[in-house]
Each structure stands twice: as structure tokens, then as C-alpha cells.
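**Student:** Pasting a structure here, questions to come.
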Amino acid sequence: MQPIAVQGPPNVGQSTSSSRSQDKSVKDKLFDIFSKDVRTRTALAAFLMGMQQLSGIDGVLYYAPLLFQQAGLASSDASFFASGVSAIVIFGVTIPALIWADKWGRRHSTIYGGVGLSITMFLMGALYAGNVVHSSTGAGRWIVIVSIYIFAVIYSLSWGVGIKIYAAEIQPQRTRASATSLAHGSNWASNFLVALTTPILLSRSSFGAYFLFGGCTLITALICAVFMPETKGRSLDEIEEAFKSKSLESRSFVRIIRPITGQGQ
């Protein structure tokens with residue numbers, strides 16, 4: 001008898017090969033965000049997205065009624081109304097921030113926004129540390145309440161919009177999806193940390209949380225002043241050159257102008 005050759009479906013080998021190729025491609029993309037030419041950008045994006053939450057914005061949003069009660073709005077209705085107003089203010093301010101984001105640039109809005117956020121946080125912390133915030137009398141409580149609104153406005157005009165845009169646009173096409181996903185993971189991890197620790201910090205110290213968040217925003221502003229190139233009006237090639245450059249001038253609003261060969265000679 002002749003041996004019978006048994007053959008499987010015609011596309012099994014091709015499907016297996018294609019599956020292995022796709023798995024390898026996914027792994028390559030994940031490791032590619034840490035390659036030498038983009039790892040600085042990956043780290044900067046993850047850092048900025050994490051520090052965006054460590055500014056204390058979610059502590060303000062999640063626990064606004066508690067913050068307003070601590071500042072002197074003893075009535076629960078008044079504190080909830082004040083927190084609702086803060087949400088409306090943030091929404092209203094975010095709209096012009098989206099429109100003017102390209103006009104302001106990412107670098108300056110992040111640096112100056114960080115300084116502004118730290119000032120408001122340090123001010124509130126100092127008022128509580130100096131024991132000048134009283135629930136029934138004095139101007140201290142009103143300064144704290146106004147400072148919370150000012151903090152929300154500054155955040156919405158600067159960090160709330162610019163950092164998310166920056167984290168995506170500094171990456172080349174091949175790593176943009178993976179690196180941006182990592183940056184958002186950093187953002188959510190910091191979000192969880194802030195949501196978990198803010199009430200604990202407020203229960204143990206009336207001013208500690210404010211100084212902590214103020215320190216985080218100030219440190220971020222200083223780091224951005226040194227390591228954050230401007231991306232407004234720049235192509236991907238120009239952004240790459242800015243990250244390679246050690247000059248602070250190339251990290252500002254000045255565009256990188258390349259000579260065109262064959263002209264002016």
C-alpha cells in the first residue's frame with residue numbers, strides 16, 4: 001500500500017508565522033520607546049504626566065468640599081456649592097486654553113504655570129501653618145478659598161492642556177502610541193496616589209499637603225527650565241534636533257533654521 005500523506009489546512013503555517021511576527025512586532029514597539037534616540041523623551045513625557053497629578057489638582061477636585069469646609073465654609077451646602085463653582089470655572093477656562101495653546105507654547109506655559117501653582121499652594125500652606133485661617137472670622141479663610149479658585153484657573157490654562165499635548169508630540173511616529181500610553185499610565189498611577197493620600201495628609205496636618213504639592217510643582221518647573229525643549233511651530237525633525245542639543249537657546253521659542261544647499265552660494 002502506498003503511504004498516505006496527511007496535510008493540514010493550507011494556511012496554518014502562514015497564520016502561525018504571521019502571529020509570531022505580530023508578537024515580535026509588539027515587543028519591539030514596547031522596547032523601542034527606551035531606545036537611545038527616544039528614551040529621554042519617553043522619560044520626560046512620563047515624568048510630566050505623573051507630576052501633572054502631583055500638582056494636587058485631583059486632590060482639589062476630589063476633595064473640594066472638604067477643602068472648603070476646612071477653610072471655613074461650615075455648611076455642607078455651601079461647601080458643595082463652592083466645589084461645583086470650581087468645576088464650572090475649570091471647564092470655562094479650559095476652552096480658551098485649548099484655543100490659545102499653540103500661541104502660548106508648551107515650555108513657557110509649563111514653567112510659568114508650575115511657578116504659579118507652587119505660589120498658590122505655598123500661600124495656602126503658609127496660612128494654615130501660621131494658624132491664621134479661622135472658620136468664623138478673619139480674612140485668612142477667604143484668601144484660601146480664592147487661592148483654590150486661582151489654582152484651578154492656572155492649572156486649566158497651563159498644565160491641564162499643554163502637558164498632554166506635549167507628551168504626544170515629542171515622540172516620533174514609530175513610538176508615539178506606546179510612549180503616550182506609558183505616559184498616561186504614569187498619570188493614572190499618580191492620580192491613584194493623590195486620591196489615596198490626600199485625605200490622610202489633611203487629617204494629619206492642615207498645611208502639609210499644600211507644601212508637598214507646592215514643592216512638586218516648583219521642582220517640575222525647574223526641571224522643565226533645563227530639560228524641556230519648546231515644540232511650538234517645530235517639525236518632528238526640529239524637535240529631535242532640540243532634544244539632541246545641549247544649548248538652552250534651542251529649548252526656547254527659537255526655531256532651528258537649517259541651511260538650504262545650493263542657494264546663496
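Indices start at 1 and increase along the chain as displayed.
For all residues, glycine too, the Cβ spot is worked out from N, Cα and C.
A TrEMBL annotation is a machine prediction, not a hand-curated record.
Positions annotated as domain 'Major facilitator superfamily (MFS) profile' by TrEMBL: 1-232. If you look up TrEMBL, you'll see 1-24 marked as region 'Disordered'. Under the heading transmembrane segment, TrEMBL lists 43-66, 78-99, 111-130, 142-167, 179-201, 207-228.
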**Student:** Please report, as numbers and ranges, the same-chain residues at least 6 past the borders of the transmembrane segment (111-130) whose CB is under 8 Å from any CB of it.
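**Tutor:** Residues packing against the transmembrane segment (111-130) from afar: 55-56, 140, 143-144, 147-148, 150-151, 154-155, 157-159, 162, 206-211, 213-215, 217-218, 220-221, 224-225, 228.
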**Student:** Let me spell it out: take the transmembrane segment (78-99), skip the flanking residues so only those 6+ beyond its ends count, and list any with a Cβ under 8 Å from a Cβ in it.
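**Tutor:** For the transmembrane segment (78-99), the sequence-distant neighbours (Cβ-Cβ under 8 Å, at least 6 residues beyond its ends) are 60-61, 64-66, 68-69, 145, 148-149, 152-153, 155-158, 160-162.
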